[in-house]
Amino acid sequence: MLVPIVVEQTGRGERSYDIYSRLLKDRIIFLGGPVDDHVANLVIAQMLFLEAEDPDKDIHLYINSPGGVVTSGMAIYDTMQYIKAPVSTICVGQAASMGALLLSGGEKGKRFSLKHSRIMIHQPLGGFQGQATDIHIHAQEILKLKKRLNEILAENTGQQLAKVEADTERDYFMSGAEAKDYGIIDNIIERNTPSGGTR
């Protein structure tokens, strides 16, 4: 993948950055694509770096993801809850599966979606082959993960656990407005204001 380079004028001349490093200067982390261990490690490292720089200043996590590996996503989620710096989440494009859980895990009042973004929740997917006993062990693990993910989603949204369990039985798609009603996000952003805020 080609990563754009941006050039900035500084007192010492020109300086070039890859686009993600430049965004990081403004405390912006971009999660684009499926969540796996490699992506999770990059996102976590950036969060820890920004936390060390200023633990009181917001971190902005932009999400455009179809989801991915549950344990990788939970590593990001737990780091969001662990650090002191508030993490604002913004859905651009889509936040599906683990992406939706991460979106809901942002600081309350600072979870956003762009106008035409799509949000989708569902139960975790899994596949395993091998001996019958091992298949049974993995099936039990998936059921435990499903229960925990539903509990987290219920806690983050304010929905009853029974409703979340019913809604995640199959793919459950939402618009930004529907995700706001559900409690996954707090507001829909249409454009940045000149002062850097949103409206």
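Including glycine, each Cβ sits where the backbone N, Cα and C put it.
According to Swiss-Prot, the protein carries these features:
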- SER97: active site, nucleophile (ACT_SITE)
- HIS122: active site (ACT_SITE)
Among SER97, HIS122 [active-site residues], residue with fewest other Cβ within 10 Å: HIS122
Inter-residue C-alpha distance, HIS122 (active site) and the residue listed as 'active site, nucleophile' (nearest angstrom): 6
